[in-house]
Amino acid sequence: MIKKSAPRTQVRTQKIRGKVRLREHVMGWLFVGPFGIVFLAFLIAPLAYALYLSLFQKKLIGGTSFVFLDNYVKAFTDPSFLSGAWFVIRFSLVSIPLQIIVALAMALILDAITSRFVRFSRLMIFLPYAIPTVIGAVMWGFLYSKSFGPLTDIFGLFGATAPDFLSSNLIFYGLVNVVTWQWAGYYMIILYAALQGIDPTLYEAARMDGAGAWQVALRIKIPLIASALLLILVFSLIGTLQFFNEPQILRSLAAGTIGPDFTPNMYAYQQAFSLANFNYGSAISFALGGIVFVGVYAFLFFTRKRRSFL
Amino acid sequence: MSDRSRAGARRRPQRHLPLQVLLGFLVVYFLVPFWWVIVNSSKDAPGLFGGGNTLWFAERIDYLGNLEQLFAYDNGIYGRWILNSTLYALAGGVGATILAVMAGYGFAKYRFAARRFSFSLVLGALMVPATALVIPTFMMFSEFGLTNTIWAVILPSLLNPFGVYLMHVYARDAVPDEILDAARADGAGEVRTFLQVAFPLMRPAVVTVLLLSAVASWNNYFLPLAMLSDNRLFPVTVGLGLWQGIASANNAGSTSLWSLIIMGALVSVVPLVIAFFTLQRHWRGGLSVGGLR
């Protein structure tokens, strides 16, 4: 009662501020909303639907019935799914370190020396990124081919028989090579961009302290681009675990080497589209997506911990 | 090309011959598949299978003949595939970019309800493998009768969480709040402020996101493979995959198809290679934004 007149202006500004706040909420959602709709429609809804579908089974007799987690139990005891999962894990363990080491080495070289040839190389090494993975696989399929690939000729020069990268012994390395060719240049560009962002006076200081080029690379450059390295590690992990395009394309050339259950994704595709077994296909997709998500999330969590620890 | 001035400043170790030689080998490795395709798309079937040098031209060099055959085969289906790929890349790329630019700006510049939660959802979406969504999206679309239409390919490619993330980072750093407030004080509405003040400042990142999402749509294989059954709707990736399957299935009978596939691979690669060379400046700037965070 006594203070009635004093806070009047304050009330008004509060009202205005409230209006501004409301406006900010509305405008914010108007800008984010359209993406939000797409996000709900093409990410959240399919994930929810996949989860829903994966809880049912379609039987010849009795129609579709709710089976709860049976499809997942089936998947994790299905030798096809397990061998595919084991393959992509082994493949990740070999191909990802290889790609990152190659990319890092190239980025360090390109960062350390400058010449017209170096600039040209940078562009040429990046070029495979512009090629669809399918076309890349088709091209390497030609090169591996016995009937018109060059390997027979090249090894013939030395009197040796050419390795057959489409045979079941070597298909693993054949695919490692295709993937490295396709992605190392892209990772190189990301690392190179990060290296170019480092303040060059750091190198001067290190040199004053007597550090050689190797030490500068190992002690300064690599630690400073750790976050870019982490980024490409995560991207390559997500990409490799859902491996599909390259083996699917090489499959027709390597008859008998690559089965329809070669990777989990190929198996899900086969279940859904060749066998019309959408419930089981959804379960495999969802299980794979879940493994990737949890794996990457855990990885990021642990590296973040460790990094803040250092 | 901001690195040019800096390169001048640190131009100390110039030659490093062994490293340059090593680079030379790497360049050869990365170019061999291109070289093989360029050489072999000049050959006809006898030249391909005649046992000549596979890394050099045959006596008959017939690019035009092969091109003509490529575009004539099956009533010019290949030309259609290229047009389809272009349509999917443009529609998906432009659409995804518009959504990503708006959302990134919204996340960076407005403190609205549930902002932090929504943004963490977007970050989480970066870790969801795209192919895990294909089968359920197919099932959803088949309920609405959308499978085997162009929308089945275009609509899902509008989703680009990485683009939103890039635009968010860029808008946060490159668009100062003071400029926006000044524009508002001058009486510009929120939409005008966005279009005329913020957007020009965000342009480099916009071009990058546009390029990245257009390339992603152009390269897409799993989604159209699952969604489309009419081969007149195929993008060039699915089309060439189909031809390759046919050609390897009946080894001897389809030798002429192989020269079409090789020529087709070459033609399909040309537009993007040209785009990458001419737009170098743009993607490089944007990739550094993504790489530094």
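Backbone N, Cα and C atoms are what each Cβ position is placed from, and that goes for glycine too.
Taken from TrEMBL, the feature domain 'ABC transmembrane type-1' applies to B:82-279. The transmembrane segment annotation in TrEMBL covers B:21-39, B:87-107, B:119-138, B:150-171, B:201-223, B:257-279.
Using a Cβ-Cβ cut-off under 8 Å and counting only residues 6 or more beyond its ends in the same chain, the transmembrane segment (B:150-171) has close neighbours at 84, 87-88, 91-92, 95-97, 99-101, 103-105, 107-109, 119, 122-123, 125-126, 133-134, 137-138, 141, 198, 202, 204-206, 208-209, 212-213, 216-217, 220, 223-224, 227-228, 233, 235, 286, 289-290, 293. For the transmembrane segment (B:87-107), same-chain residues at least 6 beyond its ends with a Cβ under 8 Å from one of its own Cβ atoms are 115, 118-119, 122, 150, 153-154, 157-160, 163-171, 175, 194, 198-199, 202, 206, 209-211, 213-218, 220, 224, 235. Only residues 6 or more beyond the boundaries of the transmembrane segment (B:21-39), in the same chain, are considered here, and those with a CB under 8 A from a CB of the stretch are 54-57, 262, 265-266, 269.
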